Amino acid sequence: MKAWRHQIHQHPELGFEEFSTSRLVAAQLREWGYEVHTGIAITGVVGILRWGDEPGLRLGLRADMDALPIQEATGLPWASQVDGKMHACGHDGHTAILLGVAETMARRQREQGLSGSGTLTLIFQPAEELGGGGGAQRMLEEGLFERFPCDALFALHNFPGVPVGKLCFREGAFMASSDTARLTFVGKGGHGALPQLSRDPTLPAAATVLALQSIVGRNVDPSLVSVISVGRMQAGTSANVIPNTAELELTIRTLDPGVRDTLERRIRTLARSQAEAFDCQCNIDYQRGYPVLMNDPAMTRLAVETAREQFGNDHVEAPTAPLTGSEDCAYFLEQVPGCYFLVGNGDNGHQAGARLGPCSLHNPHYDFNDDCMETAATFLVKLISRYFDQSVQP
């Protein structure tokens, strides 16, 4: 697994450009005897392993493959060889883990056979990082689960700051929905020394930045996690010119689908009312991104029980806290009951002598911790066995 991970890390590819990565994945799966399907959502790969005479249960496992447009700064021997691109979210590790699981399951079938009947579907997904219109949506649009039906699905993500190999689970809402909004306030530009002849759009824009925080504080149940953040403000080109327009760009997160609707409604109302108060207009471009990621209770309990049985209570955190990050695996879990969980990546200080230290995902100094791969892969193999042996049906 380590060799695959380092190879993928050295050759990072952005969303829908994972041609080299998908070729590596497909070649390995074919070598192990999987039925391989390529070109799904451009670069997606699906590997199928069947056994027994009856259809049996159908289990899916998913890994994402894409990198990020970040210049790597780790100085590691396997650092990115592509300028301006790196695996700063650990998708290289996720892909390598799923390849390790694939090899183990194929070897077991070849050497000792797998009991009963079943179908294992391995989904190598492109373009998770796009934030909207990404790989999961496109795979579904191209008939992923119609072509490769699954009764349940499991997926993982590494998480810095959690001890290496610790597994974290949560039933229900686990990761937030992710929406964006561009608010364009339109006034009337003019000379900065003659403001009475203009309609200054920076005033409603500034007022809106402050007023937005009242939405979470006064329109949302305090027990429901929600975030509205202004990530970009843009207005004007010169100190003595009142601009025609002022723009705000927001990210909007919540763990509750109902609150998601409330946030959109209140943002629209508040922005337009602020614009009207300053004799301006507001044009709103509101885009819904990934939905809330919901873990199926039965599948999550199965995963937790398997992890505790295999590693003990000290290596399992359940329930773990929900996250305001977003993940397009949520689209898969809207279609198929399953569980998305975390595996600890440590404090990022695992490479002695390297320019690493505590940092988060999407950081130029981040590196996936190879030491967590064995835990993740052996757990997934055990989970596969438990799933096909157990009687819990989603």
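Every residue number used here counts from 1 along the chain in the order it is shown.
Every residue, even glycine, has its Cβ placed from backbone N, Cα and C.
Lifted from TrEMBL, the feature list:
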BINDING   C89, H91, E129, H157, H362  Mn(2+) binding site
DOMAIN    180-276  domain 'Peptidase M20 dimerisation'
Ask   = Which one of these binding-site residues has the most other Cβ atoms within 10 Å of its own Cβ: H91, H157?
value = H91
Note = Excluding C89, H91, E129, H157, H362 themselves, the Mn(2+) site's Cβ centre has within 8 Å the residues D64, D66, L68, H87, A88, G90, E128, L361
Key: Spatial neighbours of C89 (Mn(2+) binding site) that are distant in sequence (at least 6 apart) but have CB under 8 A   = A67, L68, E129, L361, H362, Y366
Ask   = Using DSSP, what's the helix, strand and coil tally for the domain 'Peptidase M20 dimerisation' (180-276)?
value = 41 helix, 33 strand, 23 coil
Ask   = Within 10 Å of the Cβ of E129 (Mn(2+) binding site), how many other Cβ atoms are there?
value = 19
